[in-house]
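Taken from TrEMBL, the feature substrate binding site covers A:ASP19, A:SER20, A:TYR51, A:GLY52, A:ASN83, A:THR84, A:THR194, A:HIS195. Marked as active site, proton donor/acceptor by TrEMBL: A:CYS82, A:CYS193.
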2 protein chains.
Amino acid sequence: MYQENITALKKDAPIGVFDSGIGGLTVAREIMRQIPNEKIIYFGDTARMPYGSKSKETVTGFSKQIVRFLETFQVKTIVVACNTASAYALDELEKELDIPIIGVIKPGAKTAAEVTRNGRIGVIATEATIGSQMYNKYIQELNKNVTIYGKACPLFVPLVEEGLWEDPVTDEIARRYLTELIDIDIDTLILGCTHYPLIRSTVGRIMGDQVTLVNPAYETARELKELLQQYNILNEEEPHLGENKYQFYVSDGAEKFKRFANSIIKYGILSAKTIKIDEY
Amino acid sequence: MYQENITALKKDAPIGVFDSGIGGLTVAREIMRQIPNEKIIYFGDTARMPYGSKSKETVTGFSKQIVRFLETFQVKTIVVACNTASAYALDELEKELDIPIIGVIKPGAKTAAEVTRNGRIGVIATEATIGSQMYNKYIQELNKNVTIYGKACPLFVPLVEEGLWEDPVTDEIARRYLTELIDIDIDTLILGCTHYPLIRSTVGRIMGDQVTLVNPAYETARELKELLQQYNILNEEEPHLGENKYQFYVSDGAEKFKRFANSIIKYGILSAKTIKIDEY
């Protein structure tokens, strides 16, 4: 638990960001946009992805290894850029760490609780995130007069990874998943998996204009900025030329990751390295 | 490499069967049908599945751990019931082991080379299996006058795992993947991933009656029987009542695995246990 020794953290230290694979890049992209002076160490667990169909114990074990890896870079804070890992592992990681750590669920839950007018919020996410009921927990801590409807959408991740961001098949699958949320008249929908912002327009078209889509990637970057300000560790200076501002590590398939990452992040990812994560 | 000390293997020892997760159950099912006296230790790597999008190095590392786990049961032979692991890891596993090991690719390749009349064979499989070109290698060793057309079908595995075995979406995706194989007039199609027999009827309907579908699960069980006979280690007696004939282990989610396994194997899977595979 971080508390007292927060003063020891350096402003120019990097931020650690991790995900089961590539979805967390939507969070990294928002951090790059909103706090462009920050250095980022990104880790994607491509050897063991996806997390969304796996158990709490397994996902927590994987997350602990990744945190140990990120700590070798003396990161000043860690962002769990994966809804499944945030749902399953955040509490336990928080206990072990002496630097701040944030997940993507709380920021998304907060925004949803604020923007709903009719008190009916939908959450679409992986099987694991929905099963954990963590969005429900956080939203109801903030607003008791809200009903939350969760819907697992297991095919969205493979469809996104196959590149079918705009496709009749994705439309058809999305229609099946979303119909019940339309029928119960939600006015707010949380995109509760970091892959989903990539099919935001499909989801938005099917849900209609009257439904507000909440993107936890955006909200997380905003909350991260506030947190860094609060502890006075926001990096005020642009990293020097030649400093490796954004570093990417994966547990498998660095070249493939780089190609996909470059289609999401337009900053130009120069390199990604493969490391053996189960040795941490 | 097994050779001389084969006489040390016991007839009533179990057979080890492994896969990245659940697909290998189609192979286990064929073994149960064709050589019903054999005991089976099945391992599904559900914590790290799928393998089909991952690298040779990663899949080989995972496979070695699994083989070490299976060896703790004094198995008399090992079946790599996963096309990706057969493509990437079989050669290396063979070098290390002193018991026989077979994969699913060679048996499927052999049958395809025999049944084709026009010399045009299609292979559908994961990205990894297609990229490895192992079906091409084995088929052309047997028959040089054959042309092989490989097509990676990455969405088939998630569609099968989502239970959409008979569904318009699976039809549409299958049509996209298979059109080019129809256009080039193949007469034989290998179902080169252990999940695919579960959508065999969809694939068969789209390809038409003139195309022979080869199911490596069936061919592998047949080859396994021949191998056991050849080394005189076929189990001649039905295991005693009370002996645990079929044992299932996974690296994650034993209950979920059990439910899925029971929908594939009608023998009634009584239990599945979760073990920590990265400790092997």
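Cβ from N, Cα, C; glycine included.
Automated prediction, rather than curation, is the source of TrEMBL annotations.
Take the binding-site residues A:ASN83, A:THR84, A:THR194: by the count of other Cβ atoms within 10 Å of each Cβ, the lowest one is A:THR194. DSSP classifies A:ASN83 (substrate binding site) as helix under the three-state reduction. A distance of 11 Å separates the Cα atom of A:CYS193 (active site, proton donor/acceptor) from that of A:SER20 (substrate binding site). Neighbour counts of Cβ atoms within 10 Å were compared for the active-site residues A:CYS82, A:CYS193, and the top value is held by A:CYS82. Site extent for substrate: among the recorded binding residues A:ASP19, A:SER20, A:TYR51, A:GLY52, A:ASN83, A:THR84, A:THR194, A:HIS195, the largest C-alpha separation is 12 Å. Within the same chain, the residues at least 6 positions away from A:HIS195 (substrate binding site) whose Cβ sits under 8 Å from its Cβ are A:ILE22, A:GLY23, A:THR26, A:PHE156, A:VAL157, A:VAL160, A:GLU161, listed in sequence order. Each residue in A:GLY21, A:GLY23, A:GLY24, A:MET49, A:PRO50, A:CYS82, A:ALA85, A:THR126, A:THR129, A:VAL157, A:CYS193 lies on the same chain as A:ASP19, A:SER20, A:TYR51, A:GLY52, A:ASN83, A:THR84, A:THR194, A:HIS195 and has a C-beta within 8 Å of the C-beta centroid of that substrate site, without being one of the site residues. Spacing of A:SER20 (substrate binding site) relative to A:CYS82 (active site, proton donor/acceptor) is 7 Å (Cα to Cα, whole number).
Counting Cβ atoms from all protein chains shown, A:TYR51 (substrate binding site) has 29 others lying within 10 Å of its own Cβ. The Cβ of A:GLY52 (substrate binding site) has A:SER20, A:ASN83, A:THR84, A:ALA125, A:THR126, A:GLU127, A:ALA128, A:THR129, A:PRO154, A:VAL157, A:CYS193 as same-chain neighbours under 8 Å, each 6 or more residues away in sequence. Of all Cβ atoms in the protein chains displayed, 29 besides its own lie within 10 Å of the Cβ of A:ASP19 (substrate binding site).
The Cβ neighbour count for A:SER20 (substrate binding site), using a 10 Å radius and every protein chain shown, is 30.
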